[in-house]
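> Found this in TrEMBL, in case it helps:
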type   : residues : note
DOMAIN : 14-101   : domain 'Ribosome maturation protein SDO1/SBDS N-terminal'
DOMAIN : 109-153  : domain 'Ribosome maturation protein SDO1/SBDS central'
């Protein structure tokens with residue numbers, strides 16, 4: 001009995017997945033997390049620095065490549081590099097739980113500092129501290145909305 005080794009699977013590490021749905025199918029590309037943001041802002045120009053492979057996947061974590069027919073149907077081309085550029089520009093980046101949590105905490109602190117700048121205690125005529133505002137926000141169970149800017153909230 002021989003051991004079966006899958007030959008069509010590619011294993012990647014330190015992956016940020018950028019997903020895009022098109023033509024009823026989901027396509028994914030494997031990228032480096034911090035490079036995706038710099039590509040979108042325009043500071044990173046080299047596509048090889050952003051992508052781990054110039055391949056389009058159906059499922060990155062399982063290493064399943066997208067079929068040529070599906071790519072032709074959805075994008076009208078089978079040029080993997082061009083499709084990768086489209087997915088990079090329009091696709092959604094997967095964000096880990098810890099990153100999301102730290103982003104929400106930062107926004108919470110920013111909102112508290114903006115409120116502290118604008119408010120004064122009417123009795124003592126002294127400004128409120130940021131810590132006091134944060135505590136008050138926690139007491140009323142204020143939830144941060146990640147889609148809105150800190151100034152709007």
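Yeah, the Cβs are placed from backbone N, Cα and C, and that goes for glycine too.
Help me picture these features in the structure, burial and contacts included.
For the domain 'Ribosome maturation protein SDO1/SBDS central' (109-153), the model's pLDDT averages out at 86.
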> Please give the sequence-distant neighbours of the domain 'Ribosome maturation protein SDO1/SBDS central' (109-153): residues at least 6 beyond its ends with Cβ less than 8 Å from one of its Cβ atoms.
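Contacts of the domain 'Ribosome maturation protein SDO1/SBDS central' (109-153) (Cβ under 8 Å, skipping residues fewer than 6 from its ends): 100, 103.
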> Go ahead and report the DSSP secondary structure tallies for the domain 'Ribosome maturation protein SDO1/SBDS N-terminal' (14-101): helix first, then strand, then coil.
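The domain 'Ribosome maturation protein SDO1/SBDS N-terminal' (14-101) comes out at 37 helix, 22 strand, 29 coil.
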> With helix taken as DSSP H, G or I, strand as E or B and everything else coil, how many residues of the domain 'Ribosome maturation protein SDO1/SBDS central' (109-153) land in each class?
20 helix, 2 strand, 23 coil
